[in-house]
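Notes to accompany the following structure.
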Amino acid sequence: MIRYLRMLGMEIPLFLYMLGSYLNYPVFQNLIYEKECLIKYEQNVTFCRNVSNYYKDKDIQSSANHFYFISSLTLLCPSLVTTLLLGAATDFWSIKIPLIIPYIGCILGTINYVFQSYFIHTSVYFLLISDALFGLCGGFIAIISTTLTYGVKTSMLRYRSYRIAGVEGAIGLGGTVGFALSGTIREACGYAVTFLIILGLQLIALLYLLLLAKETEFEPVRPDEHTSLISTTGKQLISVIREFYRVLTKSRPFRMILSLNLLAFGIEMLIFSGLSDIQYSYLRYKLQWGDKKYGWFSGLSYGITTATVLFLYPLLRMKWMSDGMLATVGLFFKMISLFMFAFVQNEAMAYSIAVVVMFNRFVSTGFRAFISSLIDMQEQGKIFSVIALLEGITTLVATSIYNNLYPKTLSFFPGLLYLISAALLLVPLTIVSTSDYVVRNRRPEVSEGILNSHNDVIDEVTSTDST
């Protein structure tokens, strides 16, 4: 444990970012509703600050979801392109500067949030300035990807598993604490002060990066190799798409199983992204929850799922179950939780769901590990680029579908999308469970992991320590 703590590097600014991000999420959603209410009810601040006054107002619900859809597009579209550019830059230019750029965009966006929340009567659409600034600098996708890239490029092979575990822990801890405190801080201090606190966390993270992030040496680039930013980005995008095609079409054992599981994972990511977009709106409509109660619930759920994936998942994986089995378990319990969400009636029912969702993160972890076990060692980087591209595409599709369909269900059954999503999860559940059974029976060593050993990384550390 002491050795692991000494190794912490870029996980610290990532934790600060995630803490600020999850402090921001419920507060941002609440701010959208309040601004939409002010527009409809002629700037009646006293009325609009009490969520119970208009939690059933379908017009405000619809307007808020429509705005969140536009906000997501404004953030995601440029961030996908910028992330590809920053990824290319880490290979031939710098690993430190691409790490810093997304934080600068994040800080500029939060400064705008401070002004837009202080001047509460301004149009809700001025909030899009923050999405555009952050998106142009890479957004949250770039922060996570550049942190992982930095960890991999600056660590010896035997320490890379610690790096990835550190990133997972930073995200989980930041999400748990951020969600739990978000609404409480906003209620006690107001919107502007809450965003100032978030800004302070982001500035500390940036300062940490400027002072402690290290640069690596790169071979000088010949003049004829210089290309424009647009050209570099285009080539990187084409390269990722080409790798996507090659991974799917290359002759290999279990090629059809690989394709089916990428499809299955894509369906799961689409459902996850879509429901994440509407969950605040849904619980606000059903239970009169504002950002405070939503933050408590989300913080508890996030903490449970993080602890489960960090401690229970490895234990079950080492002792009894394969990655495909664990993904199947996660999908099964996720279907149950979505069914419960569809018919939630009170806070007690909602908090009972937190116990069921503890296995939710088994799904993505199990899928990533199982898919990577079907790929050759030299293709590991490619498959994760493919998954990143798939995740970006499904997120865009999901925000378009769920934010536009959900308001239409309010007049007859608000939980309809939860039921449909639960039914759709039968597809990935069937695919991954069947695939895992086939692979383990035809080639048992695949289930041991991508290194074809029960724990090569730990073995390497042990052998190094003993010398």
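In case you wondered, yes, glycine gets a Cβ from its N, Cα and C as well.
Features of the protein shown, as given by TrEMBL:
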TRANSMEM  7-25  transmembrane segment
TRANSMEM  67-88  transmembrane segment
TRANSMEM  100-120  transmembrane segment
TRANSMEM  132-152  transmembrane segment
TRANSMEM  164-185  transmembrane segment
TRANSMEM  191-213  transmembrane segment
TRANSMEM  256-275  transmembrane segment
TRANSMEM  295-313  transmembrane segment
TRANSMEM  325-344  transmembrane segment
TRANSMEM  350-371  transmembrane segment
TRANSMEM  383-403  transmembrane segment
TRANSMEM  415-439  transmembrane segment
What stretch in 7-25, 67-88, 350-371, 415-439 has the biggest tally of Cβ pairs under 8 Å against the transmembrane segment (164-185)? 7-25
Name the range, of those listed as 7-25, 100-120, 132-152, 350-371, 383-403, that has the largest tally of Cβ pairs under 8 Å with the transmembrane segment (67-88). 132-152
Taking the transmembrane segment (295-313) as reference, the highest number of CB pairs under 8 angstroms among 191-213, 256-275, 325-344, 350-371 goes to 350-371
Please indicate, using numbers and ranges, the residues of the same chain that are 6 or more beyond the transmembrane segment (7-25) and have a C-beta under 8 Å from a C-beta there. 99, 103, 106, 110, 113, 140, 143-144, 147, 150-151, 154, 159, 162-163, 166-167, 169-171, 173-175, 177-179, 181-182, 185, 194-195, 197-199, 201-202, 204-206, 208-209, 212-213, 298, 302
In the same chain, who gets a Cβ under 8 Å from the transmembrane segment (191-213) while lying at least 6 residues past its ends? 9-10, 12-14, 16-17, 19-20, 23-24, 27, 31, 96, 99-100, 103-104, 106-107, 110-111, 113-114, 117-118, 120, 150, 182, 185
Range from 100-120, 256-275, 415-439 with the greatest count of C-beta pairs under 8 A to the transmembrane segment (350-371): 256-275
For the transmembrane segment (325-344), which recorded stretch in the set 100-120, 132-152, 256-275, 383-403, 415-439 gives the largest number of Cβ pairs separated by under 8 Å? 415-439
